[in-house]
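Working notes, structure below.
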Amino acid sequence: MSQTNLLLLCGGGGDEHAISLLSANFFETSLADITGFNVLRVELDADGHYHTKDGDICELTNRKQIRFEDESKRPWPVDYVIPCIHGYPGETGDIQSYFELINLPYFGCDSEASRNCFNKVTAKMWFSALGIPNTPYIFLNEFNDDAISQTEQALETWGSVFIKAASQGSSVGCYRVDSIDELASSLKEAFSYSPYVVVEKTIHARELEVAAYELDGEIVATKPGEIICASNTFYTFDEKYAADSQAETKVEADISDELSREIREYAVKVFKGMKLSHLSRIDFFLTDENEILLNEINTFPGLTPISMFPKMLQNHGDDFTEYLYSNIKSQLI
């Protein structure tokens, strides 16, 4: 493969901006071990401005070039993009839509798959359509008395619920409600993040994760890892990334081979069915009765030093740098 100009786009300006920068560091380290790539790291900030690590303001044009505000700098042609952006506008499919419009190849899921997975409403519909068990739920599209009434009925039926903004990631806009006293305020808060809200039955279960990815044209689903939270808590954004997090992670969950096989089969089924590409982290619940429930899909999982995706990939016996090179090469040949 000839010399390739690779744009490493990171940030995004959303709630997961800082995590995106840490993941970009991981990519930079891996790309440094691959010959044939010229890498330019560009950060997208909260104001929608692009700038390099040196602070040069720039933009990605429809001519597939990075054009600098300082016109004395020559435009930098782009052959390939890694959109290392968690949440909006990366996992939402927005940035991928632009790449597709200008015919620029990129790493990760396409715009439609990203959008379908990120939105909890469409994701739930897909899970059910594919015949994959998932948590009981209701959908709401407006914060009003009827929405409050429906949620109160769900709380009465299920005993405890999670109220989730439909279009947010990493547990942002997600609230556990055990009492009717906190229901309306949590619902209002969730609607402040998204025009659609999902109300799910609280599941008392183990939280398992599978790294599902493509390698040399094949779909790989690792053995499930596990997130172990403190009693009566869930894996919030703060629990994921706080220095004093009480959550414990296991790269390989202590479950039977039969359960592991069934979970991995579900992961491959949803990867194929929703037409994912290159990488994903697929999260499941496992109840005390050994019922498997698909929870959610992350189409661009974190790649920080504590993230599960790279750990599970390595535990499976694969090398991240080789995996990355394989997927980039397959698109450029």
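Counting begins at 1 with the first residue displayed.
Cβ atoms here come from the backbone N, Cα and C positions, even for glycine.
Summarising the annotation, Swiss-Prot assigns domain 'ATP-grasp' to 124-329 and lists sequence analysis as the type of evidence.
According to Swiss-Prot, the ATP binding site annotation covers 154-209, on the basis of sequence analysis. In the shown protein chains, 22 other C-beta atoms lie within 10 A of the C-beta of ALA154 (ATP binding site).
Spatially close to GLU296 (Mg(2+) 1 binding site) yet at least six residues away along the chain are CYS117, LYS120, ALA123, ILE282, ASP283, judged by Cβ distances under 8 angstroms. Feature annotation from Swiss-Prot assigns Mg(2+) 1 binding site to ASP283, GLU296.
Taken from Swiss-Prot, the feature Mg(2+) 2 binding site covers GLU296, ASN298. DSSP classifies ASN298 (Mg(2+) 2 binding site) as strand under the three-state reduction. The Cβ of ASN298 (Mg(2+) 2 binding site) has 20 neighbouring Cβ atoms from other residues within 10 Å, across all protein chains displayed.
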Cβ contacts of VAL161 (ATP binding site) (under 8 Å, same chain, 6 or more positions away): THR151, ALA154, LEU155, ARG176, VAL177, VAL199, GLU200, LYS201, THR202
Rounded distance in angstrom between the Cα atoms of TYR196 (ATP binding site) and ASN298 (Mg(2+) 2 binding site): 19
PLDDT averaged over every residue in the domain 'ATP-grasp' (124-329): 93
Rounded Cα separation (Å) that holds between ILE203 (ATP binding site) and ASN298 (Mg(2+) 2 binding site): 20
